[in-house]
Amino acid sequence: MSEYSDTMSMGTSVIDFYMASTLCITSPKNPYDLDDLPITSLDDKRVAIGWDTRTWSRFHHIWLRDHCRCPTCLHPKTMQRLLNTFEIPPDIRPIMVESSLKGLRVVWPAHEHSEHGEHESVYSWEWLKENSYDPTIEPEDKGTKKILWNARISQSPPTISYNDVLKPGEEGEQALCKWLTNIETFGFSFITDVPPNAASTESLVRKISFIRETHYGGFWEFTSNLAKGDTAYTNIALGAHTDNTYFTDPCGLQLFHLLEHSASESSSSTTYTSTTYPNTKFPNLYASSASPTSNDTQITSSTNSPNASSSSSVFTPSSLSSPATQGADATVSSSSYPASSAPNSSLGGQTLLIDGFYVASILRSLYPSVYRLLSEIRIPAHAAGERDSAGIFSTGEGYTVLSHNASGELIQVRWNNDDRSVLSSISPSLVEEFYTALRTFHSLLTTPDSEFLIQLTPGTAVIVDNHRVLHGRTAFVGNRRMCGAYIGKDEWKAKLRGLREKYEVRINGH
Ligand SMILES: C[N+](C)(C)CCCC[C@H](N)C(=O)O
Ligand SMILES: O=C(O)CCC(=O)C(=O)O
């Protein structure tokens, strides 16, 4: 069983979650009162705090002095340290410590080598508990639990309306907070009612944060004209992948909004000329979507293309309705886009989404040695298509497919077989095991259980956590125009943290 909450069990648990996240506000923390304040004691090195008869925390004197929260030691607006850490005597010891309603009150001795007199610090009980290091104390609400999902997510995908996020003031901020909470929980979200144009889509993205500019530009529009040296700018199928595996820090979020897909080949999109290969590699790929016409030429793309077998249903958000949306169901009305640009699945170009954390949790359970190998072997990647302008991006010896935090929790899936470079730093004894591991991972990625295939339509965008959810696309014909942008992981996490802090403070009334 994965270390996350249960995988997606469609039904009340999901609805309960949506209702709980309707507002991005958690219940107020219960403050202490005079007759149940934590008890404190100190020795020559540390202050001890008794939270209850079984739970104690110990803080070193020098640590407490270095972390004083007063406005002369910590800038009240920027939260940057003003205190000179290196003036604190290594053997500093409080004159007095006491428990107060506001928290732990400490008085420090005057500093013999400076004009500073005695100094008083007050540390809120909540802050001390959150930052206890001896021992660490699990927070009551462990933040957003990740809900892992598979193809059945199509029954009730996380969704929000553009109209809610773009509302002015607190209403819009609360919708934004819920949107980002859903992304943190599920790793993706649909956004309905998006006016089918680049400008509105860009405004939506910028509600989260500034856009991550790359060699593809800032806010991008793309079609199959090789305007940039990448196969995304062709009409071939792209197997399940995360973007930017050739960057030290792959983008955190990636938004896609299909603006147009029509049968006619517009002047801006040319079919990519190359030797025509039989479609033996993707026997299923064209079953439910476009087969290249005789005058189309196709290059073979990666072998990990979407398993869009004729049996797999293509989910079209236009029938989308979800409890997560505010108010009425968010069905995408036909007025969202003129019929002329409405895509139909015979043209191909379906979008593939896969919860990499879901697949990794199955891999960890069923194939622990494969999971370990993909967590240890570094895989180099490159982007060389813009070598004459941006140069050649490369991650040198590379990064592992699966990355973990200090607690051993999975925090990133980094995978793109097309962009994978020459593996020249692998131990010879591991080569065959490595390819077996890749095949095993690929086989779990490309099952109908894992693959959520959707037909995007103008008016409904999708955003993915690029550190968790893999995406791809089936091959297509015709004129297809997609727009979107990248946002850094730090940026969107910071935005969500700020929104939560603001509303929690508002609710707790301080
Ligand atoms: C999204 N946009 C079309 C602008 C760029 C796509 C880049 C795709 C690249 N192979 C990667 O995996 O990062
Ligand atoms: O064209 C699409 O739908 C997706 C392209 C893609 O996978 C990418 O830009 O990374």
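Each Cβ is built from the backbone N, Cα and C atoms, and glycine gets one as well.
In the domain 'Gamma-butyrobetaine hydroxylase-like N-terminal' (43-128), helix, strand and coil residues by DSSP number 13 helix, 28 strand, 45 coil. What TrEMBL lists as domain 'Gamma-butyrobetaine hydroxylase-like N-terminal' is 43-128.
Annotated domain 'TauD/TfdA-like' per TrEMBL: 160-265 (among others), in sequence order.
Under the heading region 'Disordered', TrEMBL lists 287-345.
Residues or ranges marked as compositional bias 'Polar residues' in TrEMBL: 287-299.
According to TrEMBL, the compositional bias 'Low complexity' annotation covers 300-323 (among others).
Residues or ranges marked as compositional bias 'Low complexity' by TrEMBL: 333-345 (among others).
The average pLDDT computed over the domain 'TauD/TfdA-like' (344-486) stands at 96. Annotation source TrEMBL lists domain 'TauD/TfdA-like' at 344-486 (among others).
Here the domain 'TauD/TfdA-like' (344-486) is broken down by DSSP into helix, strand and coil counts: 39 helix, 43 strand, 61 coil. DSSP states for the domain 'TauD/TfdA-like' (160-265), grouped as helix (H, G, I), strand (E, B) and coil, give 36 helix, 26 strand, 44 coil.
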